[in-house]
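The feature heme b b562 binding site is assigned by Swiss-Prot to His83, His182, with similarity to another entry given as support. Under the heading heme b b566 binding site, Swiss-Prot lists His97, His196, citing similarity to another entry as support. Taken from Swiss-Prot, the feature ubiquinone binding site applies to His201. Summarising the annotation, Swiss-Prot assigns transmembrane segment to 33-53, 77-98, 113-133, 178-198, 226-246, 288-308, 320-340, 347-367 and lists similarity to another entry as the type of evidence.
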Amino acid sequence: MTNIRKTHPLLKIINSSFVDLPAPSSLSSWWNFGSLLGVCLAVQILTGLFLAMHYTSDTATAFNSVAHICRDVNYGWTLRYLHANGASMFFICLYLHVGRGLYYGSYTYSETWNIGILLLFAVMATAFMGYVLPWGQMSFWGATVITNLLSAIPYIGTDLVQWIWGGFSVDKATLTRFFAFHFLLPFIVAALVMVHLLFLHETGSNNPTGIPSDPDMIPFHPYYTIKDILGFLIMLTALSALVLFSPDLLGDPDNYIPANPLNTPPHIKPEWYFLFAYAILRSIPNKLGGVLALVLSILILAVVPILHTSKQRSMMFRPLSQFLFWLLVAVLFTLTWIGGQPVEYPYVIIGQVASILYFMILLVLMPLVSIVENRLLKW
């Protein structure tokens, strides 16, 4: 008799995706982040659902409802901090996942890569709207500053901003719609994840060498299931440690002050995972130019497959490209640091240099160095 997992209409889909899926035998721990992101999404949806049962999306009560969750709801503080720090873990895994794709040339699977970029935008939008919900000072002013950037769009900008706000400033209507979209978007993300996996399973996984692995495949279960479970345990241990020992480490103390439209915080900045993009935005003196640079800082990932000039897929055997890759990582760390600093000398100039370097490495230096490496190999 054939096993039910191979005949049942639903189980056979799961079987072909997670059990009998042929996978390259050489996948390193860098391939764990896809499944870790799945766990992050599940944790965020579950904790978010329980938080939404107690949260009120009204300007008069939003801040107090979050305080009520932390003080009066059973394990409400755990839920709240799991959700807030879970977002940080989500972005750590996201950036490492994208970095892995860049390093090992996974972007040559263009459909999977492009859906991934769409997912990145969707998760960023979700995180931004979630940050507004506690209705603290940084929530309110962050929402005001970031939504106001849309006014830089010629002709329709001002109308667009007022349409998003639902009035002439960030107010009750804005908070209510942000809550609605913050609740809805993770389910759209979950649907996009399915499409992401669908396209991935059309081609099969890449591997660290970048060489086709068809002759050397192993079943996903038990080899990679057990490896993924180890990854889950490590990540959930790190998240638990963060939540239980220093839950406010990655947050902003200003967000414990209720939102006040009459009092601007001394330094408005987003959560740490957006600081690199915020630094790029601020490094251009022109408003529209800054907004374009902000969008392009993520959208630039879409042109990476087009600019792939190397005859090898992975950077594993390309030391010059490796140097540029790690330089890019250093530039991103620099931008993240600059995004959290005030707008004054010398931070402004450091941010501008780092922003130019960021775009230069991806658009100019990497394609050129790949051509040089091809020549060095006498291909």
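Glycine residues also receive a Cβ, built from the backbone N, Cα and C atoms like all the rest.
Here the features listed in Swiss-Prot are placed on the structure.
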residue	record	DSSP class
His83	heme b b562 binding site	helix
His97	heme b b566 binding site	helix
His182	heme b b562 binding site	helix
His196	heme b b566 binding site	helix
His201	ubiquinone binding site	helix
Nonlocal neighbours by CB distance (under 8 Å) for the residue listed as 'ubiquinone binding site', same chain, sequence gap 6 or more: Ser16, Ser17, Leu21
Top partner of the transmembrane segment (347-367) among 33-53, 113-133, 178-198, 226-246, 320-340 - counted as Cβ pairs under 8 Å: 320-340
Cβ neighbours of His97 (heme b b566 binding site) where a neighbour is any other Cβ within 10 Å: 20
Recorded stretch that, among 33-53, 77-98, 288-308, has the most CB pairs under 8 Å to the transmembrane segment (113-133): 288-308
Top partner of the transmembrane segment (178-198) among 33-53, 77-98, 226-246, 288-308 - counted as Cβ pairs under 8 Å: 33-53
Beyond the flanks of the transmembrane segment (77-98) by at least 6 residues, Cβ under 8 Å: 30, 33-34, 36-37, 40-41, 43-44, 47-48, 50-51, 66, 69-71, 116, 120, 123, 127, 130, 235, 238-239, 242-243, 247, 250-251, 271-273, 301
His83 (heme b b562 binding site) CB neighbourhood, other CB atoms within 10 A: 21
Long-range environment of the transmembrane segment (226-246) - Cβ separation under 8 angstroms, sequence gap at least 6: 29, 32, 35-36, 39-40, 43, 78, 81-82, 85-86, 88-89, 93
